[in-house]
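**Student:** I have a structure here, written as structure tokens, and I will follow up with some questions on it.
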Amino acid sequence: MPRRARIHYVSLHSSLVNLPISLYGPLLERSVRPQGLAVHLILVTDGGKPGSARRKADAYVGWTGMASASSLAQFNAGSTGDRSMETIEIDPQYAEGLGFALGDIVEIGLLHDLSYATTVATEPVTTDDWEILEIHASHVESSLLSQVRVAAVGQEIDVWVLGRTRVRLQVVSFEPSTKGKAALLTTNTEVTIAPKVRSKAGSRASIPLANGVASSGKAGKVNGTQESIASTKSEAPMPEKMKRRSKILRVLPARLLSSEIPDAGSETITAFVSRTTLCALSKQNPASTSLRSCTVLVQRIRSPSDPTAEQPSSAQSMDAAPAPRVLIPNGEQKDASETSENAVSKNEVSLIWSPEVQIPDGHIVLQVVVDGVEDWDIVRVIFIRSNDTIPTSDDIPRSLLSGDHKHQTSQHGLAGVNDILLRCMKFCSTRFALHAFSHRIRGVPGLLVTGRSGAGKTAILNTAAHGMQQDPKLFAYTFYVDFSKYLEAPIPKMRSLLKHWMDKAAWHRPTILVFDNIDKIMGTELEHADSFRARHLAELFLAIYGSATRSAAPNANGVVLLASAESQAALHPLLNSSHLFQEVVNLKPPGKDARRDIIAQLVRGHIDASDITEDPGSPLNFAALATQTEGYSVTDLKDFVTRAVHRAAMRAAQIRLDDDEDVQMTLTPEDFTAAQVDFVPLSLRDVKLQKSDVAWADIGGLRETKRVLRETLEWPTKYGPIFAQSPLRLRSGLLLYGYPGCGKTLLASAVARECGLNFISIKGPELLNKYIGASEKSVRDLFERASAAKPCVLFFDEFDSIAPKRGHDSTGVTDRVVNQMLTQMDGAEGLDGVYVLAATSRPDLIDSALLRPGRLDKSLLCDMPDVGERKEILEALGRKVVISPSVDLDELAHSTDGFSGADLQALVYNAHLEVIHESISSQSLVDGPNGVSGSADRDSEVSIEYTKLGGTSYGSKKVLSRAEESKFQQRLQRILSQSSADESVVSKSADTTPKKHEIAYHHLRRVLKTTRPSVPSEERERLSRIYRAFVSDRSGELPVPPDAGGVGSRVSLM
């Protein structure tokens, strides 16, 4: 049964009420939220004021969530006598607007099952309310839901601005429409407010505005003159000339139909339209073989204003008519009253049709630029009169005929990306075709092009958009925006720009929006950085361009979005989860054939644009240049060719300077060779790569291991076209295991030089970190570096210390590293162009999951060298140091049983040091301590006779003391000794040649007596058992250490 209560005034400054305590208590016990409750008030009796007429009033209002502070019975002179009557509190101004007076008794009904409105259409009660909304649009948008909870058709809702000024709105309708008169407002409700402009005094016609839109994803939004729609109604009669037949057309650029814009042949401006458009305007029979031309009036309709342009003052914007926002340029209107005369520019043109000029319906091509009308503008063409003349092909400028626009099928100027361009253009044409069968599209269909910097994303997007612009079936308007220019732009400015770009695209539809570098302002959220701006912009972007389910979402019919980013993971998660981008195209580095075509096209471009020519004596081999530029991006290839051209220009300038003659600048293969010196591609910058001087010839023995390494790493790069046809999956990981000092690391060093691949060497401490997540990040960064430098080899030395068996580390660091490496190495992510090479002496300690096919596919044993391999190792070492021919390497190989490759290298190098020490000792016996012979010491004891010349007392002889005489003699001895040493050095350098220090057999025998194998026989036997068990005797599960799993025990590799 409904409760009754008396109206009591309280300044709540909202469209909500405070309920009596008898209703508040049960609601509080049941935890009923105010947002889901509506209050229905029905007037029972008025306040009993003298002379008051019988009133009928009911209203739907929201609940504040609070109880009425004056719920006790109120006593006044006009009451019914029921002193226990409770009160309901309501704002006095809002109560008067609803028809309730102080002291009225109302029945209170609580509605829990009202539907939620998706759209609520309102209009201001007065023009003053509209002007207040224009000034305080942002405040009303943010505070609307806190003051209004329920909307009923025909009922007034009030909003207070800054708690002082009331704005009155009348509810016109809401969606979805239900049987009831009211609906609840939520954060997903869109409130639209129609403008109510004050008419100017003395105007010829009053044009009231209705059905305006101010949209928001949260509540309501008002944005003044920028967010309204011109009315399609007119209360006053329009001039007679404005009632003629008219049609809205889009201005098509003449350059899309001809190579040049023709000049006007007469004083009358000529315009071309399709046959259907001309017949609709002039009311001629479409079946007629000859159509007469007609004179029309062209009026330019203003496009949406740019928010970055200078805005008028608030006082001027109140009096000015709102600019159009709902952009539906297609369609025909017989009444031209939609746009006031001051919003268009008028020009009379002669409208004709010719079968030779193929123009789609809804378009017009102007012969010359009409004053105020630009390409792609939307114009209204108003019929004035029919002409008696029938145009012939002689009257039509030849440059407008269809035979002259062959450039539509011209080449796009990009090499090696035909498949990608075809895919992008097919996506656009398919979406435009689907839009033709639907009146309203919610959400812009998007295609995302990803790739690293310099991959050519911008060029591909612009070329694809340009191709759709030249498509005679579409003639799409293209609009390019580089988001990297708005890194520091405020969020309010970005909000207005995003809306303006959408409005502009809808105005010129069909439109292709090209958003470049979209990840610059809407990137992924970082853990240690403020991501509020990126998230806010992503939400704004989706509210405008996303596929929203609300009925008032922006109409994206005829709009397609092409965007670019470095990767899909670089975008904000909201963009990835919203299905905004229906297709993703990943740009990979160009292959060999693509690089050949790109280099050839770049060279031809330089030859055509300048006076440079190709040397006929040594023509360029583009296939060889493509092989030398493995891993280069498109930007790298462009810079590479530019450097080669600069080399050729410098060479020609030097010849002119030396020979003083004018020579033709030619491009030779030597210019490209010189251009590649010190040139670092973008992908390899800031990447630390290892260089090595070790060749295959420097490694003795290990023939089978070297063969497999070359087959796995060198052949796929050297014979790429052959391996590309292989249906089998190629190996991408190898494990080198064997005894210490048997050449595992040396083999990896040879791979860095011989296989032509980039080489990155990793040690254990570079990856391991005690902090959670740091080690995994190091592994991810490592593989990202390798992927950026591909083709690349990742070499992990002492792999057992990096990826041991999981569960044996008390800290869990290596377990997390193994898990991340399993993901990277052909797991969920996989490898492409990255080879993994690992070396260890204990393969049994490595986690077994890493040794399965698909990760480390093959394990290669680096065994102890036998007699023949030891001889090969000694011969390889003999190329670096001089070994006497008398040395019997076979006997030395038999004498070094149990020596590894590193032991043999130490043996030879120690013998070489013995030769050096022996040579130094023999030289010191012949020369003195200062390098002169010993007779010089005896000669130094004889007194040197000298004569002193000059001095203050010339001619007089000064007697020196014994100490002074001895000091002077020592000075003369030093001068003579230095002179003798210089002469000795000069004579030795002129008469003798550098002596080669050869390693003799006795040097090797002497060193061999003091040298022992680094791996003892017991250790060799133990490792041999481990290797045999690893190769043949092991099952699917490797044995674990005996102490593993013990209570309180700790197993560590340290």
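Easy rule for this one: first residue shown is 1, then count along the chain.
Using the three backbone atoms N, Cα and C, a Cβ is placed for every residue, glycine included.
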**Student:** In TrEMBL, which of 303-323, 324-344, 954-974, 975-995 is tagged region 'Disordered'?
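**Tutor:** Among 303-323, 324-344, 954-974, 975-995, the range TrEMBL annotates as region 'Disordered' is 303-323.
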**Student:** What range among 175-194, 655-674, 1015-1034, 1035-1054 does TrEMBL describe as region 'Disordered'?
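**Tutor:** It is 1035-1054 that TrEMBL annotates as region 'Disordered'.
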**Student:** What does DSSP give as the helix, strand and coil breakdown of the domain 'AAA+ ATPase' (730-866)?
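**Tutor:** The breakdown for the domain 'AAA+ ATPase' (730-866) reads 51 helix, 30 strand, 56 coil.
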**Student:** Give the residue counts of the domain 'AAA+ ATPase' (443-590) per reduced DSSP state, in the order helix, strand, coil.
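**Tutor:** Helix, strand and coil residues of the domain 'AAA+ ATPase' (443-590) number 59 helix, 33 strand, 56 coil.
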